[in-house]
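Comments concern the structure below.
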């Protein structure tokens, strides 16, 4: 018989409760809290449980509560237990009080926001006092047990009901249930919840996130009968052939010993309204130990012939209804969605239902830009749909168990989940100080064991995690073995202590590179290809964090996926992370924008390091999300031949055929369609096909830039996407016959007008002016109307990316960061000196030849040579040669920029698009003729940086401007200088015109991590000489 620790021979008064300072003691994880269990609803009707109808015995207490704020628990007046304090006002529950105008949110990554010695926390400990008046039905008071369940309270709380102390709980991220029955009275009842911002538990909650407080998840009342189900463990399993299934059931009853007699437990398994299997058994188990034969428990199994399997691709859920009976009288019914699947590690591979998985994963914090850490079901569904639409199949609950509803949705929509214990001690020195201290084992244990007891019935959870960044120690070792004994159906992972310790079934490093080793002394990170080949190592490798998506990032991402597909034991990973953790704020100047660390006066803080998302805080996608979608897509393509035009397509679906997929293809030349077609795909799981698209590929004379584009779409809507959703795409360049450019008829050379100050070149309505002193093309008029707002100038810098900055900041300079290397090299302060500016009128063109020396002090570090060829048709063909000193670090870019008047026209280009792309992040971009409004050419990263580039462009058309050549470009209403000098995007100011930037070369963005230089050598501008050409016309 399971009995909670609710003995109340002595009920302490208010001051006695506070005097104990339970929140200062890591060994007191709770007082009077009920044992952890799955989500209950206590239906009294089996079919209502089957259909998941609202239960009359489960009631939500969300809504407006009364709230008072105090600087510490000891500053709270005891009269609050019986009446609201004078300063109270209404506040929503759930909420974080920092989002309601009290106290300040704090963002730190590693550093603890409190400066005391564990387990102690500051005496000045912000405290929220919540109160609520409620009533309960007389039947609830008179029969059975009435529980109150808090799904999440940060970080610890005491509970009173009608002025009587009920209990205490720590652990912000797991439900805490208490028995209210002894305290309820007829009519009005008063709940009082005292929440402390800091507790001993805070030392185990040092996650990289905003530190907020309050009742931030739902609160429930639950009425259970006198004899009741108090725990149910459901384990669906498949046989060795993955054909037939069994549902193993263990149910525990809470009742007096006398009442146990005559009770039985039934189980029925449903798919929709069809009952698949059913059974019933009296209490008692064959298990015998020193306690006896477990009279309050029942263990049995149901055989299920050929059940539909659960996977992320095919989330086939059954409804398991567990009932408690006295004879033929139904006392209670509970129900859960379950799935038949078998997760195992065999032959060095993580397998689901016998198939090796490829984890297309992402880390996700519970965060909302308006509500802080309060997420609604609609928010959860929005995230799940976006993940599924972008080819994610897995999510890591970083770094704590999520709200209960999250798992139910993942079961239904189909996402693999790593459920992670709410343990992180990243700021400890050493990091394993607490994880190797036996005095902290009870606190560690409560977080791991209660997570499992609460969530183990969910099929979506395929891996348990012991926590995050807490070093390696005996506490983790002990809990690893507890998990393996108590849930052998799932593997366990833990990265701390080196990612490959004896406390993990999976090598699960964070930010290990594909090839390069990082020989960190304590915990070396080997290149992932090398790691799986180390002597004696047979485990699969799944990166628990990789591809740090901070701002303009995710370079090199396709390299990881090439390795995952090449090496079977490299089974994917979880991108860091899903959404930018910024908060909407009205700033002191009245402006409204997204805030990050330090914007609330929070100290310490880690600035914008909270913004590492694939999506903005409001879930608008970053361009990097498209790159992730493409790399992770479930179809791979190979060009077999060009005439006939044949391709091979491979499906990476493990469990479903292509029953809703169409292959669409098109051949384009210079963005113009030549051929196209579509066909329905009929591939089995893991199937492939070779398809002839054209018997003969015949190209028109002069065809250039010929590409084959393949894409797979879903014509029918699915549970997570609309009709015609694109799931995969790929492009292949096709050979085109060489052709000489069409000869041009010379119209003579433009006129050259010479003065002491300028060269002036005229051709019809075109007039160009070059300043002879500076060498700059300073004016370009068409029909007497000036087009330039600034001269054309060399551009060697970019507004530093987060990856360029790394961890460098004013208080702590990192000389290895790219921005510091460029700064120390003087790149941001170079002085241009024109050392040559010659002009001559030739037979067919007028040539202006200019050379600049870029000086750092007295030293010439860059030489730039421009040859400006002006022709009678109004074209400027610009050939640029340059050279840099070997003492300079690789440059971020080599190009030119200039400002022009806004054209009030869309931007059209022939090149890679449509989204922003960079040299090391362009696998997802397609070569075509694209057109977008000017506003879409900017990516408004919250911390302003270089953005908006489009690579491998052959033609750019915007209003009057027509540019051709081979270049990368951006067109934006913001200067590089303003991007560099502005710290929040909402502070960006409109400028007079629009900046056109044309790059011959541009460095990659990197992204393996954001604190070390992560741009791979092939994407660095290591050359010391360069050449590029572009042609410009303004009509």
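A Cβ is built for glycine as well, from the same backbone N, Cα and C atoms used for every other residue.
Residues or ranges marked as active site, proton donor by Swiss-Prot: 469. The annotation active site, nucleophile is assigned in Swiss-Prot to 545 on the grounds of sequence analysis. The substrate binding site annotation in Swiss-Prot covers 109, 208, 469, 545, 546, 547, 548, 612, 1011. The Na(+) binding site annotation in Swiss-Prot covers 208, 609, 612, and the record cites sequence analysis as its basis. Annotation source Swiss-Prot lists Mg(2+) 1 binding site at 424, 426, 469. According to Swiss-Prot, the feature Mg(2+) 2 binding site maps to 605. If you look up Swiss-Prot, you'll see 365, 399 marked as site 'Transition state stabilizer', on the strength of sequence analysis.
Less than 8 angstroms from the CB of residue 424 (Mg(2+) 1 binding site) sit 204, 205, 206, 207, 399, 467, 468, 469, 470, each of them six or more residues away in the same chain. On a Cα basis, residue 426 (Mg(2+) 1 binding site) lies 9 Å away from residue 208 (Na(+) binding site).
Residues 110, 206, 207, 208, 399, 425, 427, 431, 467, 468, 470, 496 surround the recorded Mg(2+) 1 site, their Cβ atoms falling within 8 Å of the Cβ centroid of 424, 426, 469, which are themselves excluded. Put simply, residue 605 (Mg(2+) 2 binding site) is 22 Å from residue 545 (active site, nucleophile) when counted between their Cα atoms. Every protein chain considered, the tally of other Cβ atoms within 10 Å of the Cβ of residue 469 (active site, proton donor) stands at 22. Taking Cα separation as the measure, residue 548 (substrate binding site) is nearest to 612 of the recorded positions 365, 605, 612. Candidate binding-site residues: 109, 426, 1011. Nearest to residue 365 (site 'Transition state stabilizer') by Cα distance: 109.
Checking each of the binding-site residues (109, 609, 612, 1011) against residue 426 (Mg(2+) 1 binding site), the C-alpha distance stays within 10 Å for 109.
Neighbour counts were taken at the CB atom with a 10 A radius for the binding-site residues 546, 609, 1011; the maximum falls on 546. Checked against the residue listed as 'Mg(2+) 2 binding site', the binding-site residues 109, 546, 612, 1011 differ in C-alpha distance, with 109 being the nearest. The Na(+) site is set by 208, 609, 612; from the centre of their CB atoms, other residues of the chain with a CB within 8 Å are 109, 550, 576, 577, 581, 606, 610, 611.
Residue 424 (Mg(2+) 1 binding site) falls within a strand when secondary structure is assigned with DSSP.
Counted within 10 Å of its Cβ, the other Cβ atoms near the residue listed as 'Mg(2+) 2 binding site' come to 21, all protein chains included. In this structure, residue 469 (active site, proton donor) belongs to neither helix nor strand by DSSP; it is coil.
The separation of residue 609 (Na(+) binding site) from residue 109 (substrate binding site), Cα to Cα, is 7 Å.
Residue 546 (substrate binding site) sits 11 Å from residue 612 (Na(+) binding site), taking the C-alpha atoms as the reference points.
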